[in-house]
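Quick look at what TrEMBL annotates:
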- A:14-37: transmembrane segment (TRANSMEM)
- A:44-64: transmembrane segment (TRANSMEM)
- A:70-93: transmembrane segment (TRANSMEM)
- A:105-128: transmembrane segment (TRANSMEM)
- A:148-169: transmembrane segment (TRANSMEM)
- A:198-220: transmembrane segment (TRANSMEM)
- A:240-262: transmembrane segment (TRANSMEM)
- A:274-292: transmembrane segment (TRANSMEM)
Amino acid sequence: MNDISIGGFPLDLLALQLVTGVALGAIYVLVGIGLSLIFGLMNVVNFAHGAFFMVGAYVGVFLYGYTGSFWLSLVAAPLAMGLLGLAVERVLVRPLYGRGIDDPLLLTFGLSYVMVESVRIAFGLTGLPFGAPPELRGAVDLGIGYFPLYRLFLIAFSLTVVGALWLFIERTSFGLVIRAGARDPQIVQVLGIEISKVWLAVFGLGCALAGLAGILAAPLQGVTPEMGIPVLAEAFVVTVVGGMGSLAGAVLAGLLVGIVVAMTSLVAPDMTKMAIFALMALVLLVRPRGLLGRAGALG
Amino acid sequence: MTTGFDRRRLLQGSAAASALALAAPALLRSAAAQGGPIKIGFPVPLTGAFGAEANDQVRAAQLAIKEFNEAGGFQGRQAELLVRDDKLNPGEAAGRTLELIEKDKVNFLVGGLSAAVTLSINNVARERRVIYNSISQSDAINEAKDFGRTTFHEALNPHMTAGAVGRYVFPKSGKRVAFLSADYAYGHEMVRGFKRAGEASGIEVVADIRHPIGASDYSAFLPRIAALKPDVLCLCNFGRDQVVSIQQATEFGLKRNTKLVAPVLLFTSRKAGGEAFDGVIGGTSYYWRLEDTVPSAKAFNDRFRAAYNGAVPSDYGALGYAGVRSVLEGVKAAGSVETDKVVTAMEGLKADFYKGPQSFRKCDHQLVQSVLIVESKSKGLKTPDDVFTILGTEGPDERFLRGCDELGHKA
């Protein structure tokens, strides 16, 4: 322990709190990216995003019970949610394209209720117990104090996923089509690319990311039908703060929100929930389109 | 002569008898219609963070209704439960309660789960002079300003619960105490109860942190608490908040130096939280393993198991049962459904429904009852529901309640 302190808190504690914030942010980033991606490309505000997060966790935990492999769940949960996302886009969302932002919003809002209620009926209200896999349990001494191993894994894993996603979008030709589609879908169509297939793929990808975030969050908080509700609010904040449709913005904003939560809980614990929204208000005052957002994303 | 007279009498008599026989069902029917079923309004948070507990309350309450009806009801009148979802929201609860009273014409109210909601129900019920038996923990409901003659409190109150747990834990586990509490009445009242109980053992409060109710992550509070290395960490929160905060406190390795304590250690939370709960100590109004020593608990569990596929009742579920039962026993004892008479009967009720002796204290209508101290375990379970060890019982005793004067009741 050292004696340096800021605002009455030892430096060690502040550093540890920062790491906690980054780990919190890692989940926000994963949920936020999916939401932002879907919105940025197709102007669909996916209100069912939290429900995909929750169902992903259930799928993962259910499979973990069957196979005993957390790693398999980590693959299966996003895969299942991706497939479900594809089906939802094809059958439910697609007929609503061109009808403004409200219709898909209401549809996904209703869908989230159906998903939550179905899980309640299938798995009950109590929720399922779920802890980190044995190989990721325990805490590690970071030199500044003990920190849970699982949360370190969470940071590393999320960074890897985000890195892979960045490479996919910035360095592949399909990524190029996605970016182009977000700018001007009509021109992309004219160039002979079926934009509807791109939309389908991106909606699936966004839902897969929500499912992945769900199974990653499961060991931290257990699995309940309502676990997606607070997450949805946080994901929206991340999307708005980062800028609608911006991948880098979602990463930056996710981490920022995590750190703000962690630091607020140190000085004013009862204000943590409010701090997220205060941050959002502040960012919107200074930069109405978010930190890294395109101009007129909502226009 | 005499035979003739007799025959006439006989004819007259049988005519009267047959007329009566024909009229009797109609008379009985009209008597029943006059009363109709005895209606008990039951507002509980079926949806929301305490949904699991609330649904168990309904199941157990239905059992009390069923028992009452199978035993013939009261003067031919059956009981009926009118369940309403209060959505864990005081405004919603007030609305539903008013509807139950004005539109559904309920005779009695039982229910509530959350300190603020139970007070809201009580306010409406008290103004309209309808008996309300609360099955949610609250200290305020016992105090003179919120109390009305029609107010009853079947649940433990935070003062009793935290008191019993504190008296058990502090002498054994140490004096340096940290609190992580949900920032609403329940959390505040629990902390106050612990502090009061801790005076005797001279505890030192090293941290008193309030978190917003329904926070999804508690990790940000934990490094600071871990750095203080308290002997005891009291997690004064409820339902899902309790599950997540205990899970995360375990994850952050707090159990190395610190005893985790939850004033109300919920059966449903423990089931949802799994082995992260190992070693956590807490208080409860009821745990099904009480059946090993208490015959009425065995009888209650057996009936519950028979009705619900072998499931055992949870703590708050049992309160749903007892809350309804107290009112219905009150009706039987009073020989009436009139509010005043039932109040008097309930005040005098000395019962053993499911957990040993219980009775209402006259001044504030708080149920004087035992508090169980339980410890969570996950090894060597007899059945998947065998999740607690009963460490001790603080018997029913008015000494563990705040005094009538302190609550503002005039003698």
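Each Cβ is built from the backbone N, Cα and C atoms, and glycine gets one as well.
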Run the contact check on the transmembrane segment (A:198-220) against the transmembrane segment (A:70-93): 3 or more C-beta pairs under 8 Å, excluding pairs closer than 6 in sequence. yes
Residues outside the transmembrane segment (A:44-64) whose C-beta sits under 8 Å from one of its C-beta atoms, at least 6 past its ends, are 31, 34-35, 38, 70, 72-74, 76-78, 80-81, 84-85, 88, 93, 101, 104-105, 108-109, 111-112, 115-116, 119, 123, 128, 130, 133, 203, 206-207, 210-215, 217-218, 223-229, 231-232, 235
Taking A:70-93, A:105-128, A:148-169, A:240-262 as candidates, which has the most Cβ pairs under 8 Å with the transmembrane segment (A:14-37)? A:240-262
How about long-range neighbours of the transmembrane segment (A:148-169): same chain, 6 or more residues beyond its ends, C-beta under 8 Å? 19-20, 22-23, 26-27, 29-30, 33, 132, 136-140, 175, 178-179, 209, 212, 216, 219-220, 247, 251
Where else in the chain does the transmembrane segment (A:105-128) make close Cβ contacts, counting only residues six or more beyond its ends and a cut-off under 8 Å? 44-52, 54-55, 58, 61, 88, 92-93, 96, 222-228, 232
